[in-house]
Amino acid sequence: MTSALSDPTLERNFKGHRDVVTSVDFSRNMKQIVTGSMDSCVMIWNLKPQMRAYRFDGHREAVNSVQFSPSGHLVASASRDKTVRLWVPSMKADSTEFRAHTATVRCVNFSGDGQSLVTASNDKTIKVWTVHRQKFLFSLNQHINWVRCAKFSPDDRLIVSCSDDRTIKLWDKNSRECIHSFFEHAGFANYVDFHPSGTCIAAASTDHSVKVWDIRSHKMLQHYPVHTGMVNTLSFHPAGNFLITASSDSTMKILDLVEGKLLYTLHGHQGPVTCVAFSRTGEYFSSGGSDEQTSEASDHMNRKDSQTTAHTRSFSCNGSHSRAAHASSHREPTVSPSPTQQSPSKRLQQPPHQDQEAQSHPPERGVPSGLTNTLEHIMGQLDILTQTVSIIEQRLTLTEDKLKKCLENQIEIGRHLQRKEED
């Protein structure tokens, strides 16, 4: 997939999970695909048809996220059982368990050098770990609701996260400070990731749209309201010119970021599409979901019918095969970008000194800039207020614990004196 995109064709189905497929990733050498599922299993699929798949059982509850390390020698998984595991992708299925989160772990991501992991959790924290020493390093704590996703930037200097508190936060990894917050007004982001250039981020939102933001000017570059259900995840093509999205409306969309338009709509799943990922070369992408009618909320996708299998679908983007017997795609008509669907062909790859052009870009249509600034200020103040309340609650809890200990000590002293008197 270079300057022109050939029609995607279905290459192969992988069947083996017993519940919704929640996450998918390709190994760098293109020999394996890893998937995670609500059936609590991690599966490694060998792309050579004659080689069997590996099933890794270790998590006690649903697996929410999986990823190959950059070298391909490790696989990380995050689970509802509050743990993160590092696996060796071989028949032995050796794994190491990481524990520090106090609630469901929703996302796991390797740094570009493979030395660190970042995780996002329902405990409202983002945690960074060292892979070599297999130890927890530090937490990022400013979100005030569940954290859905956290990703390293391509140069590993930044971390981006998204939360049910309707914010997308940009963090400096070294200073551990939040350097900017983007605000979602109509919903919250399920998933967020960096553009391969590192200058932009894209967010998949519950308001059925995808937004692309410039992290230098902090302005929205593009807005794609292309789905009819919430957008669960997205993946950038390695070249940076295309973006694929997966939605609960049972479709995937390929967006042309250069032209700022919808390029393809893909119908390959009977139900919500919960994960999608391009291969490292960009020649293939793979998707997973539940191939039955289910609720839009992924947390309620537990399936009762053991005879129905979830699928991972692998597609070729080079047009060299024609095997789309179980999936269909259609090319969208060419349309000019609207004010909320701007072409970032220059902005996504522009050098820093051209930021003035991006800064002059107007905000979303229909929302005055003054009102936007006021709303962002109010959200920031509410954020501070909520954090203050949270700190007060923590202090009250500590005080209550101390009072409880004092009372227990007094009761124990009283009993001790009583026993002395009786003697």
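Including glycine, each Cβ sits where the backbone N, Cα and C put it.
Among the features that TrEMBL reports, compositional bias 'Polar residues' is placed at 287-296 (among others).
Here TrEMBL flags 297-306 (among others) as compositional bias 'Basic and acidic residues'.
Annotation source TrEMBL lists compositional bias 'Polar residues' at 307-319 (among others).
Per TrEMBL, compositional bias 'Low complexity' is recorded for 334-345.
The annotation compositional bias 'Basic and acidic residues' is assigned in TrEMBL to 354-364 (among others).
According to TrEMBL, the feature repeat 'WD' maps to 14-55 (among others).
Annotation source TrEMBL lists repeat 'WD' at 56-87 (among others). For the repeat 'WD' (56-87), the DSSP counts in helix, strand and coil order read 0 helix, 18 strand, 14 coil.
Counting residues 6+ beyond its ends, the repeat 'WD' (98-139) has Cβ neighbours under 8 Å at 64-71, 74, 76-80, 82-86, 145-152, 154-156, 159, 161, 163, 171, 173, 176 in the same chain. Residues or ranges marked as repeat 'WD' in TrEMBL: 98-139 (among others).
Residues or ranges marked as repeat 'WD' by TrEMBL: 140-181 (among others). Across all of the repeat 'WD' (140-181), the predicted model scores a mean pLDDT of 97.
The annotation repeat 'WD' is assigned in TrEMBL to 182-223 (among others).
In the repeat 'WD' (224-265), helix, strand and coil residues by DSSP number 0 helix, 23 strand, 19 coil. What TrEMBL lists as repeat 'WD' is 224-265 (among others).
Annotated repeat 'WD' per TrEMBL: 266-291 (among others), in sequence order.
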